[in-house]
Amino acid sequence: MEKFVRLVSLAPLFLLLCFPLALAGHDYGAALSKSILFFEAQRSGVLPHNQRVTWRSHSGLYDGKASGVNLVGGYYDAGDNVKFGLPMAFTVTMMSWSIIEYGKQMASSGELGHALDAVKWGTDYFIKAHPEPNVLYGEVGDGNTDHYCWQRPEDMTTDRRAYKISPSNPGSDLAGETAAAMAAASIVFRRTNPAYSRELLQHAYQLFDFADKYRGKYDSSITVAQKYYRSISGYNDELLWAAAWLYQASNNEYYLNYLAVNGDSMGGTGWGMTEFGWDVKYSGVQTLVAKFLMQGKAGKHAAVFQKYTAKAEYFMCSCLGKGSRNAQKTPGGLLFRQRWNNMQFVTSASFLATVYSDYLTSSRRTLKCASGNVAPSELLSFAKSQVDYILGDNPRATSYMVGYGNNYPQQVHHRGSSIVSIKKDSSFVSCRGGYATWFSRKASDPNLLTGAIVGGPDAYDNFADQRDNYEQTEPATYNNAPLIGILARLGGGQSSYNQLLPVVTSQPKQTPVPKLTPAAPASTSGPIAIAQKVTSSWVSKGVTYYRYSTTVTNKSGKTLNNLKLTISKLYGPLWGLTKTGDSYVFPSWLNSLPAGKSLEFVYIHAASAANVLVSSYSLA
């Protein structure tokens, strides 16, 4: 991904006076096949025998070695040779979501196997990158040194240092998104590879706990990512996003409760968004929670989940242009968010509109917008209009999917496709020599980057097919990941869709948990109720660890102040409270507990529940 600032000089482009007569329809099945094929061109590591993108070869074979860990594999994010963990994880989450919703349509077109392979290429890497419960490697390579060079992945001479997050250098957004990816993928593989599915879910549990316990932005720990994938939105959206996927994967009520309890404080019920992508997940969380509500799973949390749903519908109405604040569009009708790689927002938003259309149809509901009620079919029509624009129904009659149609980008900003294949010419391409010989070459790419969705046109539908115009001609994995779901849906025709039926899954084996004895409040704590439960468990080096959730509820009719708790038989870390001397008090963000409200804290250790007692408090 190229993200350094420069001005791009766009030659004046002649806009067609009318749209091309290509509205008879597109071959969505062919577009789906090509879109999935793109991921094979982005592979790092030892390529398999059934690799279909034959101009690529093995690369990054020593990744992680200097850090004593095997990090061979995974995906290059875009046109460069860096493995950035946050967008890679989002890519896997969205590929998995596409399969969860429209896997049957992919199977009918013969593409499900390739889609599963694409997901597994990412999750195999994440397993390697997560060698310990509280350690996750989030980047291999450095964007600064990488962008100084123009080399094939097979010729890389750039720094391949590995960067990680840990308790002392946290990254809740990175760990949370990776937890979401592992949880979503565990659903994908539940039938075809149940043992692998359970392994992925175990990693997801650990990564969520890591993200939630050791909070911080990942780019404060992996600072080399700041110039390329800065986490502008922070990590609250990723924590909610991970919880939503873990609930969908496990049916564990803890994660449903997490969404409800933290919806207000973490922004899930408050942020009305007009974008969705690798950084900002709120609209995705809101869409998933709306799904849970429509499925009748909200229970006592229905009121909170209604607020999530209202924000999901705010997003949908914005995309349609029927909300109180609408998303910008080009004259040709394409969603427009920013000049650099705008297409990432188009495909992600279109995917949410597609699934939400099917959710509404399944539950026989309509979309409530500021302009009035809207039929679910309008959301699907909107998504189709965006996909058709991408495939060529636009003022330039240009397909922004490489290899689809007759008029698509020829000078893609992509190292591998722009340099002759190492299989055709094994001559070494040097760091700066690649710029002189291949980057500046005013000719079509020697290798066809089939299926790649490039950055796309500007706010006025203009596009310059030039290799140095990275804002418009660079592709990215997270452009394609949501698109495969929409293409499968559109290619499946108008058959009946009931997306709200529960996913039929075999339940993963549960690790036995110790029998809990509720912590008895002290004699002075009549108005205070304390409840504990195990929310997850895992085995590490032969030892079983348990994650306990403890809820403290103010049962009185007054505000609870100056609470002090004594906790004994605690053998592991605790978060959600502040320790003062031998006591625990309210966390820094909470001064008191109103009547009827609860606070939650959690801890982990390899024993039965700790003893939680109330030392003192006051009511006012």
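Keep in mind that glycine also has a Cβ here, set from the backbone N, Cα and C atoms.
Annotated features in TrEMBL:
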ACT_SITE  His413  active site
ACT_SITE  Asp465  active site
ACT_SITE  Glu474  active site
DOMAIN    528-608  domain 'Carbohydrate binding'
SIGNAL    1-24  signal peptide
Using Cβ-Cβ distances, find the residues under 8 Å from Asp465 (active site) that belong to the same chain and are at least 6 apart in sequence, listing them in sequence order.
Pro409, Gln410, Gln411, Thr473
Can you tell me how far the Cα of Glu474 (active site) sits from the Cα of His413 (active site), in Å?
5
Per DSSP, what is the residue count of the domain 'Carbohydrate binding' (528-608) in each of helix, strand and coil?
0 helix, 51 strand, 30 coil
